[in-house]
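Asker: Quick one: structure below, then a few questions.
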């Protein structure tokens, strides 16, 4: 969807500061006006942010919330607070009432035009009735039919939206189902939405934080704040107040973030919408929606149709007045012409075509909330994509290992058939032992039958990767750990940057202890004095330090997270069995260790992403990565998936290659650019726009979700149609601002899904590209359907024009037109939605919404004045043939209308002198209606065949590839036969049986249409860019 620029937004910008702490910045963005109430509300939000719970002592907290840090709240007080504050849940944005949704389906551009047409029919019926000139009820039937079409297609569109809403509602998983709470000294579990401020709660690894919580005690607690910052690095939570800002201190855990490991106990200080994330979620409501590109196209088309209808109607109203008709009669002509010009079947065609594409997308894991968003995807020229989980698998995986002075590629498949190193190596065994034992991650129980890569693990991303790799290589990592009981442990922290544990050995005859350590490679190496090479401990001299440094830089340059591992056997004399190891006193060595090797990990790209990015590139779509991750990692992933193409260099790459300072490099020489959040923060909007214009390949790293909004706005300033992916609550403003917001179905928050136009059920970037392809295809096919639908407007209109100007008996009635529009032609026009692409549409550039219109001048001119004109000649040839064979030669028909319609005249003579009563003349008139109807249908068969392609020959596309179209043509012919020859039709719908030869008259005209269009296409293919191409290619 396109989004309006008129909003005022108070934002909380979150990022990552030194030491992994969260930083916050409050700012107000303004684009256009904002109401006083909204401004006041935002100011109130700002005041509410000024909390001091993190700075209060435990006793002050107890007093403030009338609670106990050991026994929790009293149950009676908790019940009162629940009544006062309401449930602990994010209040969903105020939904649109169902009746409003349905009313919208009835009040679009085409719908309004059809309502007007129905009103005109009713007025015409009333005028005829008042004059006593009511020989048929055609206008009344037509009005009822038009209203029925609007209502039925409205119901269809509403049902599609309702069905998508139900799918989206099934994702309600942001709030945890259960929380462990202590009240009146008793510990029990309750639904998380029943928590109130002052509740004493407990969390453990694997739980979602159930509210904003002030930490009172913690043991190795780490949380994932990625829904706030976009960064997946775990954040430590502890009881100490480390910063005056509540958003930066470590003693506050935020609602809906994930507790990765460890345990914690704390007091609830905010619930529901009063939590930090609740306030951020409500800010997205400041961004308003506006029309989608397809809605603009349909409005443009309706303007053209309405303008032409009124022009033709007014012209012939004047002509009718000039040649002597009464005002009321001329007004009836005006209304009839307007109604004849309205393509009544087009609304159903557009709705069904979009619905079919939405259904097709749903089968490919894309749920479309708004039917019009289907086409918007096809117009997309820029995709701003997350990295984690969208471009990558959101599963940290061991990638490389360095031991015995060699870098090895890790095999993470179940069968281990691709392993490139000797698993019997003593060094490998030592490294594997260290990475298995020095690891706090654990598999959830009951997953023995689940493949290792898909098992759920309690622990942070890095330890999960190591545990799964150990499970794949050792076979039973948890059992292996049990053979080396842990007796002491120092958890990882950001100061030491290492994790250490001490274990007893599995051999009961060996009473030594094994000390193992992992952490930042440089920190681990500085604690080592030897290195393990081919099973032997060698002194860690300068040569081995250089080898380590080379390997470390090589792996780090790949954008991978690198960890170092070392070990030390503690002799039994100094550390006998039962020795009391003390982590506070550190009564064991932490230096003089033996370095075992390096292991690097990365969140690998999804297998389908490189091809998807390549498709985007060939389709002229720019893919921009926007991530909270480190610039090196972001750049490496961008290069591996093709966002940064092979051979492209950044300014830093050029400077390194030329060995010159970065500021001396001409930035325009760099095709690629990596901008981090700090740089983005210092750039003004014009600088960002210039960077986007200068560098075709862009990566934004260490960005906050709020900065994503700035990036989207800058792309839109360049005239791009922007699609944005997001999963966090703080992504919702960018999702709403984008022309089409794409939320993640698995990892996405409810706020993101509410703000988005489309949801990826598999969180896969390749699904977006599928959506783009389907969007482009439906635009092409809608163009074909509209061209097919518009063509018959001319043969439906010209009978009225000839009727008024030449005064022949009316060749075609309103009810007959209705059957063409809503019965026989609706199926062929819808069948074009199933047409395959003429060529690889993903090799074309995105359409320019200002230049490449759904209905352009060549389409209108070709449909109306060329193919439509041929159909009109066919209709009149058949009409005059039928009249002549019954005794009414063409010259006699001219000026015959007044006598023909005089129901008092019962002896009107034909060209042979035969006398006709009014009833006989009416029977012949209905026969002419049927003949003209059949003529249009025969020509429309040729028309639907030529509409299969706009450039290629139909022979190249294939006549029978689209089986739905073949069935539709057969159905069209069967309907025509049924209407002509079914008993009772003359009395019900004014259709008459006709002679066989009258079916044959329009066939040469149908052949002419086919040959004429093949010549047009040949010229378009042979002379690209010529006058012929510009004027005749639609």
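Backbone N, Cα and C atoms are what each Cβ position is placed from, and that goes for glycine too.
According to Swiss-Prot, the protein carries these features:
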type     : residues  : note
TOPO_DOM : 1-97      : topological domain 'Cytoplasmic'
REGION   : 14-41     : region 'Disordered'
TRANSMEM : 98-118    : transmembrane segment
TOPO_DOM : 119-141   : topological domain 'Lumenal'
TRANSMEM : 142-162   : transmembrane segment
TOPO_DOM : 163-298   : topological domain 'Cytoplasmic'
TRANSMEM : 299-318   : transmembrane segment
TOPO_DOM : 319-330   : topological domain 'Lumenal'
TRANSMEM : 331-348   : transmembrane segment
TOPO_DOM : 349-782   : topological domain 'Cytoplasmic'
TRANSMEM : 783-802   : transmembrane segment
TOPO_DOM : 803-812   : topological domain 'Lumenal'
TRANSMEM : 813-833   : transmembrane segment
TOPO_DOM : 834-853   : topological domain 'Cytoplasmic'
TRANSMEM : 854-876   : transmembrane segment
TOPO_DOM : 877-928   : topological domain 'Lumenal'
TRANSMEM : 929-948   : transmembrane segment
TOPO_DOM : 949-962   : topological domain 'Cytoplasmic'
TRANSMEM : 963-981   : transmembrane segment
TOPO_DOM : 982-996   : topological domain 'Lumenal'
TRANSMEM : 997-1017  : transmembrane segment
TOPO_DOM : 1018-1034 : topological domain 'Cytoplasmic'
Asker: Helix, strand, coil residue numbers for the topological domain 'Lumenal' (319-330) per DSSP?
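Answerer: When I sort the residues of the topological domain 'Lumenal' (319-330) into the three classes, I find 8 helix, 0 strand, 4 coil.
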Asker: Short question: most Cβ pairs under 8 Å with the transmembrane segment (929-948), which of 98-118, 783-802, 963-981, 997-1017?
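Answerer: Stretch with the highest Cβ contact count: 997-1017.
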Asker: Restricting to the topological domain 'Lumenal' (319-330), report the mean pLDDT as a whole number.
Answerer: 80
Asker: Counting Cβ pairs under 8 Å that sit 6 or more residues apart, are there three or more between the transmembrane segment (997-1017) and the transmembrane segment (142-162)?
Answerer: no
Asker: Using DSSP, tally how many residues of the topological domain 'Cytoplasmic' (834-853) sit in helix, strand and coil.
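Answerer: Going through the topological domain 'Cytoplasmic' (834-853) residue by residue, I get 4 helix, 0 strand, 16 coil.
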Asker: Report, as numbers and ranges, every residue of the chain located at least six residues beyond the transmembrane segment (98-118) whose Cβ falls under 8 Å of a Cβ in that stretch; write 'none' if there are none.
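Answerer: Long-range Cβ neighbours of the transmembrane segment (98-118): 142-143, 146-147, 149-151, 153-155, 157-158, 161-162, 295, 298-299, 301-302, 305-306, 338-339, 342, 344, 346-347, 350.
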Asker: Same-chain Cβ contacts of the transmembrane segment (783-802) under 8 Å, 6 or more residues past its ends?
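Answerer: Contacts of the transmembrane segment (783-802) (Cβ under 8 Å, skipping residues fewer than 6 from its ends): 301, 312, 316, 333, 336-337, 340-341, 343, 345-346, 349-350, 353, 808, 810-812, 817, 820-821, 825, 828-830, 832-833, 835, 854-855, 859-860, 862-865, 867-869, 871-872, 874-876, 879, 932, 935-936, 939-940, 943-944, 947-948, 950, 1034.
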Asker: Between 142-162, 299-318, 813-833, 963-981, who has the most Cβ pairs under 8 Å to the transmembrane segment (854-876)?
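Answerer: By the under-8 Å Cβ criterion, the transmembrane segment (854-876) pairs most with 299-318.
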Asker: Determine which residues of the chain contact the topological domain 'Lumenal' (982-996) at the Cβ level, with the cut-off under 8 Å and only residues 6 or more beyond its ends counted.
Answerer: 136, 138, 813, 815-816, 819, 882, 885, 923, 926-927, 929-931, 933-934
Asker: Would you mind listing the long-range same-chain contacts of the topological domain 'Lumenal' (803-812), meaning Cβ under 8 Å and 6+ residues beyond its ends?
Answerer: 316, 319-320, 323, 325, 333, 795-796, 875-876, 879, 883, 888, 893-898, 900-901, 921, 924-925, 928-929, 932-933
Asker: Run through the topological domain 'Lumenal' (877-928) and tell me, per DSSP, how many residues are helix, strand and coil.
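Answerer: DSSP classes over the topological domain 'Lumenal' (877-928) add up to 28 helix, 4 strand, 20 coil.
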